[in-house]
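Peer 1: I am attaching a structure below and will ask some questions about it afterwards.
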There are 4 protein chains.
Amino acid sequence: MPGSSFGQAFRVTTAGESHGPGNVVIVDGCPPGLALSEEDLRPDLARRKPGQSVLTTQRMESDEPEILSGVYEGRTTGTPIAILVRNTDQRSKDYASIAEVYRPGHADYTYDAKYGFRDPRGGGRSSARETVARVAAGAIAKKLIHEAFGGRVIAYVKQVGDVVAKIDDPASVTLAQVETLPDGSPNLVRCPDPDAAARMVSLIDEVRRDLDSIGGVSEIVATNVPAGLGEPVFDKLRADLGKALFSLPAVLGVEFGSGFASARMRGSAHNDVFLAAARETSPPDVPTLRTASNRHGGMLGGISSGMPIVMRAAIKPTSSLAREQDTADVHGRAATLRTKGRHDPCLLPRFPPIGEAMVAIVLADHWLRWTGSRRVSSST
Amino acid sequence: MPGSSFGQAFRVTTAGESHGPGNVVIVDGCPPGLALSEEDLRPDLARRKPGQSVLTTQRMESDEPEILSGVYEGRTTGTPIAILVRNTDQRSKDYASIAEVYRPGHADYTYDAKYGFRDPRGGGRSSARETVARVAAGAIAKKLIHEAFGGRVIAYVKQVGDVVAKIDDPASVTLAQVETLPDGSPNLVRCPDPDAAARMVSLIDEVRRDLDSIGGVSEIVATNVPAGLGEPVFDKLRADLGKALFSLPAVLGVEFGSGFASARMRGSAHNDVFLAAARETSPPDVPTLRTASNRHGGMLGGISSGMPIVMRAAIKPTSSLAREQDTADVHGRAATLRTKGRHDPCLLPRFPPIGEAMVAIVLADHWLRWTGSRRVSSST
Amino acid sequence: MPGSSFGQAFRVTTAGESHGPGNVVIVDGCPPGLALSEEDLRPDLARRKPGQSVLTTQRMESDEPEILSGVYEGRTTGTPIAILVRNTDQRSKDYASIAEVYRPGHADYTYDAKYGFRDPRGGGRSSARETVARVAAGAIAKKLIHEAFGGRVIAYVKQVGDVVAKIDDPASVTLAQVETLPDGSPNLVRCPDPDAAARMVSLIDEVRRDLDSIGGVSEIVATNVPAGLGEPVFDKLRADLGKALFSLPAVLGVEFGSGFASARMRGSAHNDVFLAAARETSPPDVPTLRTASNRHGGMLGGISSGMPIVMRAAIKPTSSLAREQDTADVHGRAATLRTKGRHDPCLLPRFPPIGEAMVAIVLADHWLRWTGSRRVSSST
Amino acid sequence: MPGSSFGQAFRVTTAGESHGPGNVVIVDGCPPGLALSEEDLRPDLARRKPGQSVLTTQRMESDEPEILSGVYEGRTTGTPIAILVRNTDQRSKDYASIAEVYRPGHADYTYDAKYGFRDPRGGGRSSARETVARVAAGAIAKKLIHEAFGGRVIAYVKQVGDVVAKIDDPASVTLAQVETLPDGSPNLVRCPDPDAAARMVSLIDEVRRDLDSIGGVSEIVATNVPAGLGEPVFDKLRADLGKALFSLPAVLGVEFGSGFASARMRGSAHNDVFLAAARETSPPDVPTLRTASNRHGGMLGGISSGMPIVMRAAIKPTSSLAREQDTADVHGRAATLRTKGRHDPCLLPRFPPIGEAMVAIVLADHWLRWTGSRRVSSST
């Protein structure tokens with residue numbers, strides 16, 4: 001019952017701390033025959049990397065992955081793929097002071113309560129550093145679902161503080177829009193609405209100079225997902241996607257399709273109408289249907305409907321603040337704290353590759369649960 | 001990789017369809033020695049039961065549970081507890097027409113896409129009828145967490161349509177407030193704010209007469225949960241609670257603590273300050289801390305903090321409508337549909353026992369997962 | 001981490017005690033479309049049933065199964081199949097005396113050590129009565145593997161005491177030979193060598209009259225299993241089959257192919273030579289090979305080779321004896337005991353349907369792990 | 001459903017091939033506070049290491065472990081422990097010829113049948129090289145069970161070919177006897193009966209010079225295991241130990257206690273008599289009992305009895321032979337093969353640390369599974 005594994009058929013197991021030797025992930029269950037090398041892992045690792053701009057932490061990590069197993073002559077063999085990403089820029093002394101003081105909003109206290117013992121360097125296992133392993137695994141999942149069914153997962157920043165992006169059609173947002181502004185410069189905040197992006201950058205920079213932090217919302221969209229993924233009852237696709245996103249640091253809310261807005265709606269306005277199919281079928285063939293709208297968010301009864309899967313994650317403001325905060329220490333005494341370690345003033349800009357990774361892992365997992373390890377291998 | 005089991009140490013497996021012979025649940029992992037009889041299961045089953053009032057479906061079910069194993073002389077033995085709840089009021093002919101037509105918002109189409117085949121009677125396995133098994137298991141979980149650590153889980157209706165209840169302190173809401181109005185009459189809508197409750201009843205009744213349905217939000221609170229429950233990374237308590245709630249029918253959003261509101265907040269306003277403990281400790285003892293506020297919702301780093309766990313689930317309006325809707329049939333042809341089966345105009349009034357059950361199951365599971373690792377750690 | 005579930009893709013969960021209301025099994029993961037009714041379960045339940053002859057326990061059970069879910073209009077729907085077999089002939093008073101005394105060779109003491117508490121009636125959960133649930137699940141697994149790949153599993157009695165059957169080719173033994181003697185009478189001991197069968201019957205009867213019991217060996221053969229089933233490393237097909245057989249009551253040894261005899265052999269005599277295929281292939285096609293002999297028992301590297309899978313289970317003599325035995329009681333005091341409950345003087349005659357069930361479940365599970373839930377459904 | 005993880009509460013996940021960059025293991029679930037460094041891993045890794053003597057393969061590996069996570073200031077933190085052992089002496093060209101020819105007794109053909117693709121270098125994932133990861137994990141498990149309950153696991157060579165060691169009391173064999181001969185020289189064959197050891201060495205050397213190989217039996221004994229470990233029904237301790245041993249390369253038979261010999265015995269001669277306890281108890285206390293003999297092998301009903309757990313594994317002769325063998329190639333054509341890679345003429349001398357590792361992992365796992373349910377049960 002330890003909790004470092006995720007997925008059943010595409011099974012990801014991670015290990016590693018913020019300031020230990022490195023982070024490791026073992027991906028078990030990737031079908032054989034998928035072309036794979038370190039080159040496939042680098043782009044998303046670079047998108048997640050610290051030190052990208054003034055908006056993110058100044059920790060510098062090369063985040064260079066080493067594939068240790070499971071690949072032969074450039075193709076997966078079906079055996080587990082182990083990847084090692086070494087930590088290089090650990091300044092543990094930054095954290096010496098916090099070994100004795102519980103940082104508000106962090107897991108220092110709860111780890112002590114659970115284990116009676118903790119690695120205080122950079123938050124140890126509770127650091128968002130562990131997501132580097134998820135992103136490496138997610139890059140494999142993305143390749144797999146693309147080869148298996150043309151699946152694509154894109155995440156972007158929808159909201160920072162009160163700045164909300166205007167996105168007409170989540171399913172048509174492109175990676176280029178997320179990564180690059182119309183003028184060709186990097187989209188530092190990864191919001192595909194350029195006007196909102198500019199205001200978000202200003203807001204984050206203002207917050208940073210205030211020695212404060214700010215929250216936001218990321219929207220994640222999976223397209224080309226065939227109808228039929230997910231299990232009834234407990235392992236609904238929605239349930240596993242929800243777990244995947246809530247397993248990420250700082251996520252306090254998740255919604256699909258109309259989400260919380262559905263609470264105010266009537267069924268007659270909420271139900272998405274099935275459209276007649278292009279071609280009639282007769283049982284046992286099942287028609288391929290679309291709906292006129294997508295308030296259901298791409299899943300019905302917990303099983304994918306073939307429409308885009310649209311979800312949003314609410315991310316709290318970074319808990320580490322460079323300003324002084326009241327708190328308690330490991331003896332239970334009142335204390336004050338000013339975080340000296342490096343940290344992001346807003347977690348949103350670096351969130352998209354992480355959110356995409358978890359969604360891709362869930363889709364790969366449910367695809368393989370449905371079709372088996374052999375079927376996909378034969379299609380590659 | 002089928003999906004009919006939930007939990008690892010307190011493991012719940014369910015089976016059953018809306019209109020089959022009955023629903024079964026096997027609870028594996030309940031510790032020995034817990035006093036248990038059918039009498040312990042009846043109260044929550046009665047709260048979930050259809051036909052309670054004009055606000056709910058008119059299907060009549062006795063929902064009488066039979067314990068088939070795992071209990072000897074009134075106490076659990078540690079072996080699996082099987083419970084059978086027979087279906088009695090199945091009017092399958094009500095559903096004969098929908099075998100050929102896909103109901104908007106329902107899982108008919110996605111089940112066909114997944115399985116190529118489905119039991120159309122009352123939605124089969126996709127019917128909310130399956131939650132009867134969860135509620136039976138949840139009643140055991142509630143007893144267990146109460147005996148183990150005094151834990152208590154209460155859910156209530158926070159919002160129906162635009163009617164939002166005013167709840168000053170979620171952690172102080174009582175079961176009596178949820179079930180009974182100040183005048184002693186049944187609280188049909190299970191909202192502990194009596195004024196809001198009255199308006200919710202009016203709204204649901206109006207919607208029902210309009211042959212329509214309405215959504216809402218339920219708030220769920222777990223109190224007396226000790227700090228230390230949950231696993232780092234993938235099996236965060238928040239992640240498993242999120243999965244548990246998203247596995248329930250019609251849930252499109254879940255949030256903890258400040259939830260989506262955190263997206264608009266700054267860290268300096270969001271962080272909950274740790275208060276000095278009543279008594280100083282020295283390592284390896286860990287102080288028992290509280291926070292001055294509870295925007296974090298009772299979990300930090302995915303591990304319980306000892307503060308009340310507060311969460312909300314957004315529930316879409318019932319998809320079944322007694323009015324005519326456009327849709328497509330199993331041949332992919334355009335069709336119209338008017339649901340003749342019995343259904344609830346709003347899912348909220350019957351949701352609280354179901355939401356409580358899932359939360360209690362997660363807490364029981366993580367408690368049992370933890371006491372294992374803790375015991376040994378304390379001996380080393 | 002309770003232990004009442006088995007398998008991953010074809011997942012069997014059981015509950016029930018010897019003298020409780022009944023035994024339940026939930027089979028989760030059976031693909032949709034398989035024809036199934038109670039009629040499919042009865043033959044193997046009848047083969048396992050007590051009271052078949054003077055060689056078996058005189059407990060009388062109808063062992064009538066009721067399918068509670070997962071089947072619609074005679075076909076599986078892909079949702080979990082729950083089956084209930086009620087207990088009818090519980091004479092709990094037979095066991096009243098043993099609540100206070102630990103039976104040698106039984107689990108009374110170890111259950112007390114584990115749980116501090118136990119259901120003493122007929123051994124409770126430790127009784128071989130629980131295998132009734134396995135046999136029901138196994139009957140489904142047998143149908144599935146037969147439809148999926150023509151798979152067949154046959155078990156028979158190879159040895160009782162010193163009487164060893166002569167079986168030239170395990171893969172050619174038929175169910176008819178196991179169940180019926182050449183003269184058309186029932187093969188009470190289920191040994192396909194009629195001469196040995198007669199001597200086994202005499203031996204068991206002699207032992208029974210001596211108020212004693214006797215052990216034996218059952219051989220189990222799976223044929224038509226395609227090459228490729230099983231996972232490398234921990235979930236080798238051999239490992240899961242070994243676990244399946246060792247999970248059965250009274251099994252103290254398991255071997256595959258040459259088994260313990262291989263310890264005395266040289267590699268040059270042990271290796272099975274691959275024979276040239278009937279037809280040459282070019283990669284990526286893989287030839288279909290056979291071996292000239294089958295000392296490897298149908299698996300290489302833990303993965304099926306396409307040759308018959310041959311295994312043997314050693315079963316200890318029944319621990320219940322109608323004669324007086326020395327032992328200790330629940331206070332730790334010396335005591336004597338004479339079992340008054342009904343029991344089998346030899347477990348072998350009723351073992352074949354139980355061993356077959358477990359082997360079929362493992363094969364169904366590994367088949368679905370390999371091919372997915374969808375693939376098989378499309379072939380039925 | 002991939003198969004590279006083992007255990008539930010003490011969960012071991014491995015990755016790595018014979019001739020890839022290295023082997024990795026992640027141990028998830030080790031409780032916090034256990035003193036641990038690379039130094040704890042080296043002794044068993046050295047016992048497993050190739051190139052120890054003329055009796056073993058001449059491949060030279062330093063087998064130096066690097067702990068990458070889960071340890072802080074010399075103690076485990078409760079988070080996953082990742083260990084990397086790099087491969088250093090891969091001579092892949094030795095295996096170039098066998099990419100095209102299926103080695104008899106090896107997994108080359110079955111991997112191709114399963115995956116359609118394989119890493120042929122040294123057998124890839126099917127090589128016994130993967131056991132290096134198990135031994136590293138096993139060293140942690142050994143420390144844990146020793147700290148938790150004084151548990152100890154010792155394996156030794158019981159038989160090679162026709163040479164059978166005389167061991168009066170398996171539970172009293174010491175590591176020193178297994179590793180060192182009475183004259184102080186290394187016990188190359190790890191048989192604690194010095195006379196038998198000498199004859200085994202001669203036999204293996206003779207076989208090696210014959211360009212042949214030989215099988216054998218290892219006996220494994222776990223002592224100081226408290227009564228109560230194991231789960232009823234599917235996850236019997238016996239079943240999980242059986243799976244653990246059958247998951248090891250070349251194991252064709254496993255038996256516990258009297259094992260296959262029990263098939264010839266009567267119950268009156270087989271049952272182990274419970275002895276009166278040293279001290280009387282009253283319920284709910286359970287007496288601590290011993291049995292006068294140990295034919296049951298330390299488990300009753302699949303749950304540990306407190307007596308030594310005694311098991312034996314039959315290991316087939318090495319399939320790789322330096323002499324010419326007939327076989328088929330990847331096109332299905334007849335071929336001949338002479339293994340040029342380095343290999344052991346007998347697998348037994350290096351087996352003990354591997355067998356011990358798997359047994360210790362199972363005991364650690366069941367201990368952690370149990371202490372969870374026991375703690376709560378004692379509090380109710």
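Cβ from N, Cα, C; glycine included.
Residues annotated as NADP(+) binding site in TrEMBL: D:Arg48. The FMN binding site annotation in TrEMBL covers D:Arg125, D:Ser126, D:Ser127, D:Gly301, D:Lys316, D:Pro317, D:Thr318, D:Ser319, D:Ser320, D:Arg342.
For the listed features, I'd like the structural context: burial, neighbours, distances.
Peer 2: Summarising the environment of D:Arg48 (NADP(+) binding site), the number of other Cβ atoms within 10 Å of its Cβ, over all protein chains shown, is 25. The DSSP secondary structure for D:Arg48 (NADP(+) binding site) is helix.
Counting every protein chain shown, 28 other Cβ atoms lie within 10 Å of the Cβ of D:Thr318 (FMN binding site). According to DSSP, D:Thr318 (FMN binding site) sits in a coil region rather than a helix or strand.
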Peer 1: Give me the long-range Cβ neighbours of D:Lys316 (FMN binding site): same chain, 6+ apart, Cβ under 8 Å, in sequence order.
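Peer 2: For D:Lys316 (FMN binding site), the qualifying residues are D:Gly105, D:Gly215, D:Ala250, D:Val251, D:Leu252.
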Peer 1: Identify, in sequence order, the binding-site residues in D:Arg48, D:Arg125, D:Ser127, D:Lys316, D:Thr318, D:Ser320 that approach chain A with a C-beta to C-beta distance under 8 Å; the answer is 'none' if none do.
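Peer 2: Cβ contacts with A, in sequence order: D:Arg125.
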Peer 1: Is any of the binding-site residues D:Arg48, D:Arg125, D:Ser127, D:Lys316, D:Thr318 near chain C, in the sense of a CB under 8 A from one of its CBs, and if so which?
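Peer 2: Cβ contacts with C, in sequence order: D:Arg125, D:Lys316, D:Thr318.
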Peer 1: Measure the Cβ-based neighbour count of D:Arg125 (FMN binding site), defined as the other Cβ atoms within 10 Å of its Cβ.
Peer 2: 29
Peer 1: Could you state the whole-number distance in Å separating the C-alpha atoms of D:Arg48 (NADP(+) binding site) and D:Thr318 (FMN binding site)?
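Peer 2: Between the alpha carbons of D:Arg48 (NADP(+) binding site) and D:Thr318 (FMN binding site) there are 16 Å.
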Peer 1: Looking only at Cβ atoms, how many others are within 10 Å of the one on D:Ser127 (FMN binding site)?
Peer 2: 24
Peer 1: Using DSSP reduced to three states, classify D:Arg125 (FMN binding site) as helix, strand or coil.
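Peer 2: Going by the DSSP assignment, D:Arg125 (FMN binding site) falls within a helical segment, counted as helix.
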Peer 1: Would you mind checking how many other C-beta atoms are within 10 angstroms of the C-beta on D:Ser320 (FMN binding site)?
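Peer 2: Taking all protein chains shown, D:Ser320 (FMN binding site) has 25 Cβ neighbours within 10 Å.
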